[in-house]
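Visitor: So TrEMBL lists the following for this protein:
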DOMAIN    159-307  domain 'Nrap protein'
DOMAIN    313-451  domain 'Nrap protein'
DOMAIN    456-611  domain 'Nrap protein'
DOMAIN    626-817  domain 'Nrap protein'
DOMAIN    819-972  domain 'Nrap protein'
DOMAIN    974-1107  domain 'Nrap protein'
């Protein structure tokens, strides 16, 4: 960390992943493993080894964590060979800087002496300023910061050099009106002009220090392949004793209003609403920026004293910097930089919260613990030792700055640019991290130090301020002239704290955190104009909700006769109104319009638009969608009513002991929940009491049967033969239909394997289950006449349907009650998988469990409170989870304790297990939901699609100026497939579910109706495309794979299997779909592609519109 200046360092945004060292076969040069004698193998451990073992046992959850941390530290520390190269480079820079010629003295505003190839790296607004300038070579050069302390980390190595400007270039009153800052900028410009001619440098550029416009620095990089190795940053600073410190106390003014407003007389300033501050409002940020330059060297000495004899400090700082980088907190204006965290560790050492005996991991824990429990925006801390009565006190700093951490001199606030909101975010992250470190179930290392936390996946809602230039108007409206003067005209920095506190107040009950991105300005070439304030690009705000209150429609204020009521009214404007509540009180209140769940989720958006509308910052565009959440609730209500009726049925020979729903709609995860409908008779063919699809009309709408398992009580009367059990169940299905018709007037249609019941516009499919049936199906008689039990395909399937699926459905139903957006997230995930044509290649239950994992094991995040962030995390999980080496453990109802045991067994039996292994409390070893699918190739494809979709969505959502459509990740790439079968839209029953809805769609023969009772039974579970697909798979399974989007896809994609296209020897038995040809004078069979494509059309006559062969990928 660079004691050079607050926030002196912003190393890598992403820590290098731990590359598992590729252990190649040992060559002659490699050290061979040492052969130890027996005596050496069994010698007692040394005291050092004992200490290490004890420490590992006490501090780390496992010895693995210690090894992981040591490996990470090896990755991020600078190698000795690189250090030597960097030292040589610094030596040459030193020689060059001493040889730069002087210039004659000119007025500050006369900059003609500068070459045309260099532009001054400073926004000179207003341009006119008094003072003279001439260049004299630096009085001294010192390396400051993390490089000397040995605490800089890869991949971005920055070396800071303090270039001391000689005293003779300054005059009295240089502390006023940016004179010092402009001299500093001119000084660096002259250096840049000379160094840019040298062959030594690959690039010479300007940048703002931590994006602060008042502090340009010069970046020098070596040339050739070493250019990426290091960036040397030149900071110009004044010679010691140049300024009187008392001039820069936080309450002092150093920017004159008349100069800043370019007025000759002070009267005109009154228009801006000056008041009691007179014409000399304090300029604490401006003062702080000059003071920072004066204490660079003293900070270096302070930190090097702290780091001597303290090896753990270096390791601890490396870990803390990686932690900050992964959370995007260490770069930009007001960041929590590496320098700041170094000063914090030194503070904890001074206060004896850390001792020099501690290891790096203990330093990390102690620092996070301190951050989690201390709010520097309320109680600041100071490194100044002896209380000098003339120095400003902490209260003075609190009045001037939002976050206070005073340096050893007692003059500089190291957190001057940080907003309270950003500190609260650091605090929140530290709290979460401490919880993760204390949780033995979580791999703390992976989660804290190896997982990046971009804003998009961290926050529930994100919104952007597209054009920050609008903040100029905000500054004027909120009368922030003093802040503008203080920050050198930077309206983004001046307005940001006010905007964030306004939002935090408006969302106080709903949001536990309102955070913002850090404004960042990129570096620029020396011949370009310096970036303007608006060049920081869009500002992003993130909201983390308190799930209970996020969607409440009422904002209850104080009672009407209380003094706070006036303030409440003035804050909410015309939105506030008087209301009488049930307890008789009459209070101010704000009511937000929202009827559906989706609209309630967007109430925070209404609030933000209202508040920002007051500031003229956001433009408004209302949108209304149906999200199907209400439809799902009404399905569940109807199901609850039916299950009560089934329990209370009279005259059944055996009573119903349990009714369990297994359809996804009954666990809130059905992509398109069923809608209550009744059939239009004229649209169908009628046969007695049946309706059938009509050949002349389009295919009727798809009606999904909601499957329910009815468990009947056990009895000695049940037969013990599997054929007889099936007949008894068929009799029960007939009886259930009869009794529901008699006792509850429900329309039923019994079948051998189930009974369909039409109720409230839905169709429920009842299936009777007998608890001993799976056991009876397992019976096998051996040739010796012994009876033994073994799993058969039939018994597995039955257990899945009657035991495991009902348990999973009820567990996930419970999860939905805890996390209201679980269902919507799962539906988005399934819709995406289906849109990628892969819904037949991975089971719905598997996707539900993957999504449940995000809610049950969210670390390092907290469980999602909006479906969008859940969906992004789902894509990220698919793309980044190490499926090959780890099982995904979904701890439903916290029923699992032996997670390590599952992992060990998994490693031992890896080759025999499915490629995607999911373990749940009721299914720890078999991964039943992924046993058959996905295959290894499909999983590879899924991972690729997920990472591409995630990347595309991230770019799209973080770039508010793009006009792209989010739906693009739901449109599959079709160029990958060999044949496309285009379908006739009239015969696709779910056409309305497609991603891009059809412009005109045929009537589907049903109307919305939930109260019809005495009707003819509708056509249920009829989807011609699925039947066609089944025929294709039965016929051509050995030759091709078929892919389809079951939610209204208009194309079936076909992929040839490469192996089946290799010529086979001629056999009469294997001639299906093949033709005979000769190859090297031998008869061989190859697939008869032309005939197969013709078969595709014949099989799908009336359904298939055309078959498109993409022959550029293969030849016929």
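The backbone N, Cα and C atoms fix where each Cβ goes, and this holds for glycine too.
TrEMBL: automatically predicted annotations, no manual curation.
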Visitor: For the domain 'Nrap protein' (159-307) against the domain 'Nrap protein' (974-1107), do we get 3 or more Cβ-Cβ pairs below 8 Å once near-sequence pairs (under 6 apart) are dropped?
Guide: no
Visitor: From the DSSP assignment alone, can you count helix, strand and coil residues within the domain 'Nrap protein' (974-1107)?
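Guide: Here the numbers are 37 helix, 38 strand, 59 coil.
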Visitor: Mind checking how the domain 'Nrap protein' (159-307) divides into helix, strand and coil residues in DSSP?
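Guide: Helix, strand and coil residues of the domain 'Nrap protein' (159-307) number 64 helix, 30 strand, 55 coil.
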Visitor: For the domain 'Nrap protein' (313-451), what does DSSP give as the number of helix, strand and coil residues?
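Guide: DSSP classes over the domain 'Nrap protein' (313-451) add up to 73 helix, 5 strand, 61 coil.
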Visitor: Averaged over the domain 'Nrap protein' (159-307), what pLDDT does the predicted model reach?
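Guide: A mean pLDDT of 83 is what the predicted model shows over the domain 'Nrap protein' (159-307).
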